[in-house]
Amino acid sequence: MAVATTEERPWLGQWNSAVTSYYTLVGTTSLLLVLGLVMVLSSSAVTSIAGGASPYAAFFNQAKFAIMGLPVMLIATRIPVRWYKRVAWPALLVVLALLVAVMFVGIEVKGNRNWLGHGSLRFQPSEVAKVGLSLWLGAVLGRKQRLLGKWSQVIVPAVPGVFLVLALVLAGHDLGTALILIALALGAFWVSGAPARLLGLGAGLAAAIVGYVFIYAQTGSDRLNRILATYGPCTDTQGECYQSLHGLYALGSGGVLGLGLGASREKWRYLPEAHNDFIYAVIGEELGLLGTLTVLGLFVALGIAMSRVVRRHPDPFVKVATAAVACWVVGQAFVNIGVVIGVLPVIGVPLPLVSAGGSALVTTMAALGMVISFARDEPGAAEALAARGSVVRRSLAVIGVQRPGGLSDRAGRAGWRGRLGERRRSRGRQNRARGGRGR
């Protein structure tokens, strides 16, 4: 059977490039971030006006956190892998301290006690837990990769650490985040090469969490009705079915091309959390099926890029940590989309990088910045990025682009002494030219 070569299919060589993961991660993250800002502005203006605030209030708040997250993300992309390994254990200890603090001084919002802060300055430690747990599992399982055939090496300390974080998150009734953390842990164990029986144990834990949800739902009629609204007949169109139905109305009314950006009808206080958990429904209404498929495709591309890092990077720590982040970000996106299209019950999980939410946005950007740092560390990636930078500099030199002040690139690198010498030589050439004309 003939095998296609890179000469016959040039795109195949580009896909196998050492920097494909890097550019895909940067591109998809940037596009999702920009799309999120645009859709938060579109979906929140009406609600903000109704609340007596500026129509741009939610957008400015989201933009503020995006501006805060950008330097965090850029710094994370430049941190070497060895430093991430060093901070893994301290990161877990900080996460545990924050989650314990929530139990005593936490703020309850919409039935979930999972916030810390004062006044308008609040954040969710459970979001920080996703980053900390990803790092910690990468460090623990990566170091023990050759010993994972022994149950004692697998269980201690990884399993107790995961259980402890889950218990503290569940203590705040944050069931959605707990399920995402289970997916994160299962992805880490899977890539590390843990025994299949342990993965079965993790699946059993997920089933136990689901069972806990149903048992816990019995103590609150709103929680039980929320589940029945998804998986059973629900005639209460003004009650528990209301949000899910209006989410489907928004998706259905958008058609293929959508009603146009800003033209959503459901955001006029019909669809609760239109700028947050149900922003995907507003995307479907305003941008249509093409818009929703574009968002879905961006998350798929993000997952493929992270899977490339897992396959190509030789460090077990990077493999496990990247798999954990991938299961968190992409898995959470699929859960959110599943809620909006009516496949899953409403559990309060936002769409990463797109939904409004400060702590979720900053922590997601930090985690993706870490994965971008791993992609820069792939075999051959650093050299390829440096070579492309050299090509750009040479191209600018050819077309005569200079640094500010008219100085050459060489003088700019030489510091103030080089700049002073360049000016003196320039004046000397001008004086000689004037002298020659005078003669």
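Placed from the backbone N, Cα and C atoms, the Cβ positions cover glycine too.
Note: TrEMBL annotation is automatic and uncurated.
Beyond the transmembrane segment (20-42), the same-chain residues lying 6 or more positions past its ends with a Cβ under 8 Å from any Cβ of the stretch are 14, 56, 58-59, 62-63, 66, 73, 261-262, 264, 267, 275, 279, 282-283, 286, 295, 298-299, 301-302, 304-306, 308-309, 312, 351-356, 361, 365, 368, 371-372, 375-376, 378, 381, 385. Per TrEMBL, transmembrane segment is recorded for 20-42 (among others).
Note on the transmembrane segment (63-81): residues 29, 33, 37, 315, 317-318, 357-359, 361-362, 365-366, 368-370, 372-374, 376-377 of its chain, located 6 or more positions outside it, place their CB under 8 angstroms from a CB of the stretch. Under the heading transmembrane segment, TrEMBL lists 63-81 (among others).
Look at TrEMBL and you will find 87-107 (among others) tagged as transmembrane segment. Among residues of the same chain six or more beyond the transmembrane segment (87-107), those with a C-beta under 8 A of the stretch's C-beta atoms are 113-117, 122, 125-126, 128-129, 131-133, 135-136, 138-140, 161, 164-165, 168-169, 171-172.
Among the features that TrEMBL reports, transmembrane segment is placed at 151-169 (among others).
Positions annotated as transmembrane segment by TrEMBL: 175-191 (among others).
Per TrEMBL, the feature transmembrane segment maps to 198-217 (among others).
Here TrEMBL flags 278-305 (among others) as transmembrane segment.
Counting residues 6+ beyond its ends, the transmembrane segment (317-347) has Cβ neighbours under 8 Å at 81, 84-85, 130, 133-135, 137-139, 141-143, 175-176, 179-181, 183-188, 190-192, 226-227, 229-231, 243-244, 247-248, 251, 277-278, 280-281, 284, 296, 299-300, 302-303, 306-307, 309-310, 355, 364, 367-368, 370-371, 374, 377 in the same chain. Positions annotated as transmembrane segment by TrEMBL: 317-347 (among others).
Look at TrEMBL and you will find 353-375 (among others) tagged as transmembrane segment.
Under the heading region 'Disordered', TrEMBL lists 406-439.
Annotation comment: TrEMBL describes 422-439 as compositional bias 'Basic residues'.
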